[in-house]
Amino acid sequence: MSKALLAAWRINSLAPAPYPERLDTNDNALDRFLGSSLGQARLWASHLRLKRLRSFADKVVHRSNALSALSEAELAACVDDLRVKLARQGLTEDLTIEVFSLVREVCGRKLGLRHFPVQLIGGRVILAGKLAEMQTGEGKSLTAVLPAIAVALSGLPVHVITVNEYLVRRDARFMRPVYEFFGLDVGMVVPDQDPETRRNAYGCDVTYCVNKDLVFDYLRDRIDSNRDVSDARRAVARLFRGDENSRAYLRGLFFGIVDEADSVLIDEARTPLIISSSVSDKQGVDDYRRALDFCRQLRDGLHFRIFAADKLIQLTPAGRDHITNICGNLPGVWQVARARFELIEQALAAQLLYMRDKHYIVKDEKVQIVDEYTGRVMSDRTWESGLHQMIEVKEGCALTDRRKTISRITYQRFFRRYLRLGGMTGTAAEVVGELSAIFGLDVLRIPTNRAVQRKNLGTRIFLDTASRWDAVLKSIRRVRDEGRPVLIGTRSVAASEHLSSLLKTEGIEHSVINARQDEDEATVVEQAGRVGRVTVATNMAGRGTDIKLESGVSDRGGLHVILSEFHESPRIDRQLYGRAGRQGDKGSYESIVSLEDELFVLFSGEMARRVMSNSSFSNVITGMKAKLLRGSAQRSSERYYSRIRRQTVLEDQRLAKMLAFAGRGE
């Protein structure tokens, strides 16, 4: 292990800081270019580094096999001895081998699972502050235990960060016996916890948490401890208040292990996370209703322009004139030009860009936002600038208070503050340059433990949505008749429920997982690998979902996955495909989509229109033409969203400078 890594884990070097975290740095364009280029080069050279890591894994396996002869008491004594050595020496290479060997043996005894060499390599990569690209189904949750215990035994807090509450509960509960054997306590941060329970969870040696919850708790700490003022003022405050960290949720940002790292660090990094407070709303229900009524009189292209990818609508000069004419005699907000135009633009967005059962659901007479990446409800989140209230009026729900921003931070800024950050994902190759340039994270591609037997049955792009669903139904019948389970992935609640209604009409028994039907998620996932089982799911059944096959299913061909709509990135598609053919099992997948899907409409509109109007095509596009059409749309989408993320970083840096000049933080 390098001297730099060894120094990073010496407890004494970190102890004096009341809230340890890395200082912000502002990289210039050259830094980002060099970081991106180096990241791509290092990924390409992954195989050159694997030889040394395989030697490390072999030593761990050899030492672990020797430990198998020890009794429980003797194994516990080894743990006690290891603690003393770690306190004296830090995480040397030899002690890392010892830790991993003990963890492997304890996992075998407590869980019935012993790490494969590729998982040991993955754990070592994460411990070194890098990303391990491990294919779906290769046991990333078990891999994360290795670096988590190694660092926690050294006396430093560890955050295991994942994408949803289901995975937090599953992994923390399943791994608890292993942590407890090492004398480590494990906490879970989940929604709806009271503050004291949440503080206790962060006070544990290892804390499992969802990325959004973690960042919001960090922002709360900064608000509560006045960390948004200058260093000098904080020092004075500590003299009078004592330890400013005593009531904080977190103990600092020591070591973070990010599961599904590309989702957290890339896909969800387009917009900042904001903490807000309620403010009195100058607009009432009548103003919102009036705005919704007025916008129905406006025509696309003449009075306003839609920028669907940006979720933005702008009034044209003709539209502004029209609104001014029809509301000139109205009182209040309608007399202020900027305010009335913003109100109309929000009404247009609520009507045309934010769709029920896609971007939100109405549950218990409340508008609840659906996370587009996880497919899950974010019940405590709201849209800003009056948009949420506009949608509430649109749906006939009770009006909630508007919100005022009091603290904000981007994912890019937050995760760069960890003293050490590592992670894992099955899909990092396409964004390795950005991960390296922004977060300083190198990616190492880890080979699979067994040969992958997942078959690609191809892509079919239909000209219309109805034809797509007909083809999906036929494929479901075929696979079910073979006695194989089938998982159909959709991108929205509405699409999943539409397919469910079609299946009911056909008399096909099935289960549904979406933001509205999530109470029995664990049971549905548990049964999804049974003979002839049909499961319809949004992205809730994507990342991290482990569908175990019933005995005999693999011999019939395994789980079959149908993707019914492409995502903006092929990485997200591959996550769904990866539910099949895990750990060497047989499996297959296919894509059955429509040119009317959002990806093609937004990012391949002209090409899609030419295809649809070309009589030489039949009702379906397959083969190389389908591959080219998909590739063109997804490349355009990825370039667009990459620019958005770069702009987010630059805007964040500019805002930070302005706030620093004013003596404030986030």
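Each residue, glycine too, has its Cβ placed from N, Cα and C.
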ATP site partner of GLN119, GLY137, GLU138, GLY139, LYS140, SER141 (as recorded in Swiss-Prot), chosen from ASP518, ASP520, ASP546: ASP546
Largest separation between Cα atoms (Å) of residues that the record links to ATP, namely GLN119, GLY137, GLU138, GLY139, LYS140, SER141, ASP546: 17
Distant-in-sequence Cβ neighbours of ASP546 (ATP binding site), under 8 Å, six or more positions away: GLY137, VAL525, ARG582
Of GLN119, SER141 (the binding-site residues), the residue whose Cβ has the fewest other Cβ atoms within 10 Å: SER141
Extra residues within 8 Å (Cβ to Cβ centroid of GLN119, GLY137, GLU138, GLY139, LYS140, SER141, ASP546), ATP: MET134, THR136, LEU142, THR143, GLN583
Local Cβ density at GLU138 (ATP binding site) - other Cβ atoms counted within 10 Å: 26
